[in-house]
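Working notes for the structure below.
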Amino acid sequence: MMTAIGMMSGTSLDGVDVALIETDGERVTAFGPTGYRPYTNDERGLLREALAEAVNLTRRDARPGVIGMAEHAVTMAHSDAVTSFLARNGIRREDIDIVGFHGQTVLHRPGERLTVQIGDADALAKAIRVPVMHDFRAADVAAGGQGAPFVPAYHRALAQSLGRDGPICVVNIGGVSNVTYIDGADTLIACDTGPGNALLDDFMLRTTGEPFDRDGRLAQQGRPDADWIASALNHPFFALPPPKSLDRNDFASLALPDRPPADGAATLTAFTAAAIARIVPLLPKAPERWIVAGGGARNPIMLEMLREKVAPAPVERADALGWSIDAMEAQAFGYLAARGLKGLPLSYPATTGVPVPMTGGVVTRP
């Protein structure tokens, strides 16, 4: 059994989630404490600049200009996150077997076999004095896979604790939304479904100065533009069968016409819910249960809109099952780090489109 810490900095650019689990790489035997280290406004601004610059990258190891500055900021933020986490919870470094370090995705173009996560694992391992596993996605993309989503193996481990007969979907609504379809047998299908919070968060920042729509309050006051949503759902991505994946900026060109902020928030919230529901006809069977994690799970308006789209199947928050809403992806990368140490698969043909089940990750020691 291993004690693993996972860290995740997602496409929402909000901060670093930290989580400890006990696992053998197959089962999760215990959930440990979780933590969160928000990015400062300066760090978040630097990451947004890096995202804009990264569209010009052609090599995954290139770190020109602001991207190199952002990599240093990401590394230091993760070092601070794990050091504070250990101190706050009275955990000794020597009791940690592995730290799973995802880094910050700034570019994801699997069609070009290119995925770029910034973060210096060597510097991090030296700073925290614990072995670090990183570069989880590279082997999958190099082999022709989508390189995402990577959390399905962890979703399946969690689902082992559920008494279920029919298929379920576990949804993570982060900057990008993704689903994992798990049936009563061994079928595991996963894919990105479309924008999660990214378009909405960007809209909120641009129109209100707020980083996100807390509790869906603004969207609740507005009216969704059904015509705009129907047009947006004509994007060819939505007709593709799984597996498929997205870059955070793939839908950035979708422009809302001028409208009151409340209507814009309502439209983008409804679009996220509708995009998730569009996966149902592409699955072997309609899911009988939906379990939602990620920042979107804290938006009751988004959940209500999703319920309307997938009825009569129930939609519930992950924390109703004792799972973590905010730290699930961090837990997943601790779990994946343990799997990587044992050479177990991290991705599968039906989750990323990789030709064969693939292990991955690179270990850096202090």
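Using N, Cα and C of the backbone, Cβ positions are placed for all residues, glycine too.
For reference, Swiss-Prot has these:
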{"type": "BINDING", "residues": "Gly10, Thr11, Ser12, Leu13, Asp14, Gly15, Val16, Asp17", "note": "ATP binding site"}
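Overlay of Swiss-Prot annotations on the structure.
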residue	record	Cβ neighbours (10 Å)
Gly10	ATP binding site	24
Thr11	ATP binding site	22
Ser12	ATP binding site	22
Leu13	ATP binding site	22
Asp14	ATP binding site	20
Gly15	ATP binding site	19
Val16	ATP binding site	25
Asp17	ATP binding site	24
Conformational class of Gly15 (ATP binding site) under the three-state DSSP mapping: strand
